[in-house]
Each structure stands twice: as C-alpha cells, then as structure tokens.
Number of protein chains: 2
Amino acid sequence: MGLVVQKFGGTSVGSVERIQKVAERINRTIREGNQVVVTVSAMGKTTDELVGLAKAITDRPSQREMDVLLTTGEQVTIALLSMALQQRGIKAHPMTGWQAGIHTDDVYGKARIESIDTERVRACLDQGEVVVVAGFQGISPDGHITTLGRGGSDTTAVALAAALQADRCEIFTDVTGVFTADPRLAPQARKLQEISFEEMLELANLGAGVLHPRSVECAMTHGVPLVVRSSFVDEEGTWVKEAAQMEEVWNVRGVAHDLQVARVKVLGLPNSSKTLTTLFSRLADAHINVDMIVTSEHARERIDVAFSVHENEWESAKEVIEGLKDELRYLEVLSETGLAKVSTVGAGMVTNPGVAAKMFTSLSEANIHIKMVSTSEIKISCVIAKEQATRAVKELHRAFGLDVEEALTAVPS
Amino acid sequence: MGLVVQKFGGTSVGSVERIQKVAERINRTIREGNQVVVTVSAMGKTTDELVGLAKAITDRPSQREMDVLLTTGEQVTIALLSMALQQRGIKAHPMTGWQAGIHTDDVYGKARIESIDTERVRACLDQGEVVVVAGFQGISPDGHITTLGRGGSDTTAVALAAALQADRCEIFTDVTGVFTADPRLAPQARKLQEISFEEMLELANLGAGVLHPRSVECAMTHGVPLVVRSSFVDEEGTWVKEAAQMEEVWNVRGVAHDLQVARVKVLGLPNSSKTLTTLFSRLADAHINVDMIVTSEHARERIDVAFSVHENEWESAKEVIEGLKDELRYLEVLSETGLAKVSTVGAGMVTNPGVAAKMFTSLSEANIHIKMVSTSEIKISCVIAKEQATRAVKELHRAFGLDVEEALTAVPS
C-alpha cells in the first residue's frame, strides 16, 4: 500500500462540480490501494474576493489580519471536499493548517514551514481516513494563524509528503504537465515527460507558474518524487526527479517567462564592501525577494546597482532604498515597472557556451531590447519590455529547436 | 476603568460600511475609558451562502464538516473588524473560538461551552488591545472545530463576559431594545427600559428573537448585566437584570411569537412510567429540542402524547418516533407543521389568575383556534395556525393594555 499526497489548486476546486470531480479522482487513487492525504487551495476567485473586502476596509491591511482572513478560503474547501468524499462512502477528515500540525515562523503572509507534527495526520491515516488538509496555512510559535504566501499550497503538499515519507506527491493543476514554454504564448510548446529538480527549480523561479519554487526546493531537498498532472484530463503528467543524463541531449529544455517584473537602479553608491551588504540586508529585512542583481563600477569610488523584483514589491523596494538615502549617500534612484523576464533553461547549457550568444542574437534580430541579463549554470534570463514578451518567447522557442516534434521523442523516461 | 463585552450580530456587520460603523462604536466605548472585548457573527447572508454550498455538494452534509465550513464566516469578520479598528489607531487582536480558549463539548452544530480559558484574552487586554473574538464557535476536547448553533454568538458574548467578570455585556442588534411585541406584527409595540432575566428568558424562548435563550440563561446564572441596544441608532437600549418589583405593576409585559412550530402527536402509547422516559430520552439523544409537551390519558392502559418542536427538527423527530414503533407499540402518529406559538409573558402573572382566561377569551373572540396550551409561572403559550399569528399578537397586545402609551412611563428604572 502506497502513501500518496495529492494537491488540488484553486481552479481544480473552483466549483461544486469540480470538487465532485476531485472527490472522484481521490476515490480512484484509494481504490488503487493507496493511503491518501489531500491538500487544497481556496476555491477559484475566493482569495481575490477576500483581498477585495480587506482593501475596502483599509488601504493598508495588516498582514497578520490578512492571514486570518485569507485562511478561511482553504477552510471552506476542506469542509466541502470532505463532504463530497463522505458522500462516496469515504471516511474523510478535514484539517486546517494548525490541526495538521504545520508549524511556521511568524512572517505573516510569507511564513516558512519550520516543522510538521504529523501525529494527528498519521492517527487518521491509521484509522483508514483520507486526510484533507488546508493548504497555504500554518500556525506561528505564538499560536497565530499564518499563510505561506504565493504557491503555498504546493509547499504544504510537498512538505507533508516529505514529513510523512510519502511515496509520491501529485500536483494536480489546470495544465497537463510542464511544457517547453507557456502554450498560451507559444502554441508550439510541448509537454515534457520528465524534468530534473534543478531545471524545474529554474523554470519555477522564472515564472513558469506550474509549481512554486519553494515546493520544488523542498521536494529536491527531501527527495520527494513529484508529478505535475491535470485535474481535468486523465493523462500522464510530467515527473520531476533527480537529474538523469538528459542534459547531454539538449542544450535548452524550455523557455520560461515572468510578466510581473520591476527594476530599481541605484546610481552612484559608495564603492565599499559595506554598500551591497547594507542594501540587500535591508531589502531582506523587509522580506522583499530580490531576483536579478547587476552591479557596475563606473569610477573607482562609485558603483551602480540594479536589481529586479516582483512588481507587487516594487513600491516597498523603492521605500527601503529611499530610506537608505542618508546612510548610503547615493546619487540617484531610477525605477521602472511593466517589464518581463524571458529565460532559456536546460541542464546541458553549461557545456554549450553558444547558448547565450544565440539567445541575444535571436532577441536582437526580433528588435527586442535587452535591459538586464542574468545567467546561472542552467539558465539565461533577459529582462525586456512586457509588451514584447510573447514575441520573445515564440522567437526563442523556435530558435532553440523546441518547435520541432522530433525533439520530444528523445526524452529519456 | 470598566471591562465591556460587546456583541455585534450578522446584520450589524453586514457590509464594509457597517463594519466601519461598528469600529466607530467600539472606539467610542474605548474613549469612555473601557477595556473592550468584541464578539461578532458572520457577515449578513454569509452563513446561508455557505449552507447553500454544502447542500450543493450533498443532501446530508455531516455536521462536523458543516462546523468547519460555517466557522469561516466569523473568521472573516474578526479579520475585517480588526483591520477597521487598526486603521483608527486601535490595537486590535482577532481570535477564533479556539484561540480565545472557548472549549465546548463535541455535539457538532449545537455544542455547549464547557469552559473558557481566558489567559490569552486577558494577556491581550493587559497590553491595551481590543480582543475581537469569533462568535458562535469553539473547540471540542478532541481539537475539532465546533459551532454553538442558533444564537451562538450571543452565548459567546455572555459566556466571555461571565468568564472575564465583565462589568456589562452589550448586545448590539438591528432593533433598539426589547419590545412588548414584534413591531413588524404589532405596530403598537413599545420598547421596554428594563426587563427581568426570567421574563427575558421566556420571551427569548418564545421566539422574541432579540436574544438567544441560552445567552439569557448564562447571564442569569452568572449575574452578567446585559443590555440590548441598536447598532444603528444611538439610543438607550433595554437592560436585562435581576427582577425588581415590576411584577406588581403589570400582569403582562409583552407578547411573543414563534412562527416555526411543528407538532407531533403519538396516539395510544402504553400507559407505563417507562413510556415517557423512553420517548423523550430518544429525542434528546438525537439532540431534538422539544418545546411544549401535553399528555392525556384516555383509557387506563393507553395515553396520548403531543409535543411541539422547531419546524426544522420536525422530520428528525418523526424519524425518531417511527423508529420507536416496535419498542413502544403505539397505535398511530399524527404530525403537523405550519404552526405558530403566541405567548404572553410577565413576572406578575402568577399572582393574577385571570390572565389565562383573558388570553383564551381574546383569541376565541378573534376566531383563532387554540391547538395546544402550555403555562409557566410567568408565561402562557398557545399553539395556533401560522397564518393567524399576526392577528393573534395584535389582539393580545391590545387586550392586555400594552397599546396604551401611559403604561410605559411607569417602568421602574
């Protein structure tokens, strides 16, 4: 008998009819002889509606209270899904985050899971129950309700799978797997049968949107086999696993994009070792996730620093930097939003030095201006204007031979 | 410095604008130099919407899961109200039932508060915070979320006031106080300045709807001074207190009604001491609240028993009785719904034997047929057809001199 953790996102549980379908899907997994723990998100647009209510009350709702508010969304889903399972004769047991023993730190809105006390979940599994856990939420050391932030339900699922040493973690979503690019932008995009944790991590971080990077990180660290599959179509998904030899086969495995990028440039900073430490520590203290960082020395005593952030954090980032004016004595701040990031990802890229050149050439031939570049062993990212993103993705998908059908058949499985 | 518990019902927090008004009201109480604990219900129609979702999933949602579902309603309100208070510079601290230490039994949907661990609430009050507690909910000994059932938020407020030894408990509602009858049925009805716990209890039990009987019971037991007042109009409400000498002044203090009454008659039961015990124990086991009970012996060996229940419990009550067919070997069950109960209440009634006669006369002169009668020291109730209820309330209000303006000025205060 296997132990499977299944996660169903907001679209998958977006209506009463879909919740019934999810119950059917779980039922099938049980009939195949598995113990099942389910993690769910809030129904469809619930979170947006709750945020709307908060914004109607105050421009700056405090995050602690936002967490109390938002966690009701998943609580509704665990109740309804449990009822749907019980109607099918399945013993289902709904649990909120705190009931499932999900202990987090107290960074409201972006809490990190510190530990999971699985006693209660295990006791229910031992009694033959399906445990339905509210994703995205936990409890702080002081007993406050917390949320894990964006993509938190994926993280809940993977962390539960790790803590329970589950045989696999299945992430059900509205797409059938991980694609070589977003099919909405690049219709030629194709589904991968398998991808390495590292590649998935780059894709997730780059806004591929299928899996949250924190959940991929957690799966990689604990070696949880992960599969991304569709809630609506019954077909094989994409397995996310330890890297095989696939990197020899392709340079570029996929093209990712992120349409919510903003950039801040700090000009004329004092060129001392303390400058960068101060700058990025303060941004970290404000829980702002900085993505790309570019520095340039333009005279011996002064440097410029540019960094990109999610557009939602643009205002906060600017505030932090402005607050550092006296301390860092820089000359000027420039900032810009309405940007996008397009990236090529592939474990084989490190041994193929031509990839960067090919990427820059293909973007420049398409008259797309590159504002910022960042590279890692397995990815190259370029920041460009948001309105050029779709064209860039299509262009890169074609340029790196991902449009070609034959490439897919060579996927090692 | 006083400690005040304030409760705001679903209508009072029915919209963002109303939540802002509630925050203003609380702010005023704080500025008057009080510590404040607030209890709130779910916003307006939220509970109905959640019930609708559950019914769309399954005809018979299990009560445990219903409680998980319904408690999200109050959780939304505590978050929003806390934000509204914080926006006014007030330190507000939202707490769910379990966070506020409200321990109940595990009768889901109708749980009773067993104890309140006030440590966390007190710690917040000591730090100058306003504590905003989700009404209607608690936690079972096994750590499951429970709800207190109808009128549960009133009970939460009074129980908190008792546990915290608050100076008063203010129940804010959509009416300005306790009236001599429902003004929607009897336009001549007038507001009382003061009423005894006992009278209020009868009125509450009789469907006056302003306060839930459990909350009045709890206030009476613990001597919590209670005031019912309007969330919308700033005027003195009605104080519910220990009885004064008011009973000498009036026979009848008010006319109450309940429009959701059903009746079950069990005919030809064996006339043994065990019969009634069995019958009503089984109904209690099924958590059915039986209201009026009438028995009649029509031969030495057989008795008939008739009882009334809330119309929502009519089906369940019939099921229980039908399940007892073999055990009790009665002859027949007759049942009827679409009934109402009208009652006259007053602490002075016990010393005025003419009240019952006057009530029966005035109903019979209005051609209203009385199906069942029940009396206590301070009330007389008659079950009648629902469609005659409005006429009956008006008739009794007039007959007992409650229409007369002078009567009100004599209220002891």
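Any Cβ shown, glycine's included, is placed from N, Cα and C.
Here is what TrEMBL records for this protein:
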BINDING   B:LYS7, B:PHE8, B:GLY9, B:GLY10, B:THR173, B:ASP174, B:ARG184  ATP binding site
BINDING   B:THR47, B:GLU74  substrate binding site
DOMAIN    B:264-347  domain 'ACT'
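Taking the features listed in TrEMBL, we show where each one sits on the structure.
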residue  : record                 : Cβ neighbours (10 Å)
B:LYS7   : ATP binding site       : 30
B:PHE8   : ATP binding site       : 29
B:GLY9   : ATP binding site       : 23
B:GLY10  : ATP binding site       : 23
B:THR47  : substrate binding site : 19
B:GLU74  : substrate binding site : 32
B:THR173 : ATP binding site       : 23
B:ASP174 : ATP binding site       : 14
B:ARG184 : ATP binding site       : 11
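Annotated pair B:THR47 (substrate binding site) and B:GLY10 (ATP binding site), C-alpha to C-alpha distance, rounded: 9 Å. For the binding site of ATP, formed by B:LYS7, B:PHE8, B:GLY9, B:GLY10, B:THR173, B:ASP174, B:ARG184 according to the record, the largest Cα to Cα distance is 23 Å, rounded to a whole number. Here the CA atom of B:GLU74 (substrate binding site) lies 9 Å from the CA atom of B:GLY10 (ATP binding site). Secondary structure from DSSP puts B:THR47 (substrate binding site) in a helix.
B:THR173 (ATP binding site) sits 16 Å from B:GLU74 (substrate binding site), taking the C-alpha atoms as the reference points. Across the domain 'ACT' (B:264-347), DSSP helix (H, G, I), strand (E, B) and coil residues number 31 helix, 38 strand, 15 coil. The distance from the Cα of B:GLU74 (substrate binding site) to the Cα of B:GLY9 (ATP binding site) comes to 10 Å.
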